[in-house]
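Visitor: One structure follows; several queries about it will come next.
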Amino acid sequence: MEKLPDLATLKYNEQGLIPAIAQQYDTGEVLMMAWMNQTSLAETLSTGVACYWSRSRNRFWRKGESSGQVQTVKAVRLDCDKDTLLLLVDQQGVACHTGRHNCFYLEAQDGSWKTITDPEIDPEELYGK
């Protein structure tokens, strides 16, 4: 993207973060939710590759940097309240660190959370653990 929109006008939380939902651009499948700060959003818009902020590691998380499961960004949309982002991406491989295609594999059924999809790849293969 040649010129970035004004990212300061977005409504970040007290930690300076905004939720970002990644959706497969051609199927509409919701892949994951992660956090972005102004810098990671600027990088995403500039490079066309998803970059998030990892709250657990307290650092930038360039999707696919260790697993190879990159998200190429086709579009970034902002909701009407300016407090949530939607990234339309082309997911290469799996999106979830569990080896599943998306992170939403648990479904409320009969009073508990049931696993509805199996991993497509062993997480140890993804991260070399």
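Using N, Cα and C of the backbone, Cβ positions are placed for all residues, glycine too.
Swiss-Prot lists these features:
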type: BINDING; residues: Asp79, Asp81, Asp83; note: Mg(2+) binding site
type: BINDING; residues: Cys80, Cys96, Cys103; note: Zn(2+) binding site
Visitor: Taking the Cβ of Cys103 (Zn(2+) binding site) as reference, which residues of that chain separated by at least 6 in sequence fall under 8 Å from it?
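Guide: Non-local contacts for Cys103 (Zn(2+) binding site): Leu31, Met32, Met33, Ala95, Cys96.
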Visitor: Around the recorded Mg(2+) site, report the further residues of that chain (criterion: Cβ within 8 Å of the mean position of the Cβ atoms of Asp79, Asp81, Asp83; site residues excluded), sequence-ordered.
Guide: Lys11, Leu78, Cys80, Lys82, Thr84
Visitor: Work through the binding-site residues one by one (Asp79, Asp81, Asp83) and point out the residue whose CB has the fewest other CB atoms within 10 angstroms.
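Guide: Counting other Cβ atoms within 10 Å of each of the binding-site residues Asp79, Asp81, Asp83 gives the minimum at Asp81.
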Visitor: Does DSSP put Asp79 (Mg(2+) binding site) in a helix, in a strand, or in coil?
Guide: coil
Visitor: Counting Cβ atoms within 10 Å across all protein chains shown, which of the binding-site residues Cys80, Cys96 comes out on top?
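Guide: It comes out as Cys96.
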Visitor: Would you identify the secondary structure of Cys96 (Zn(2+) binding site) according to DSSP, in three states?
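Guide: Going by the DSSP assignment, Cys96 (Zn(2+) binding site) belongs to neither helix nor strand, so it counts as coil.
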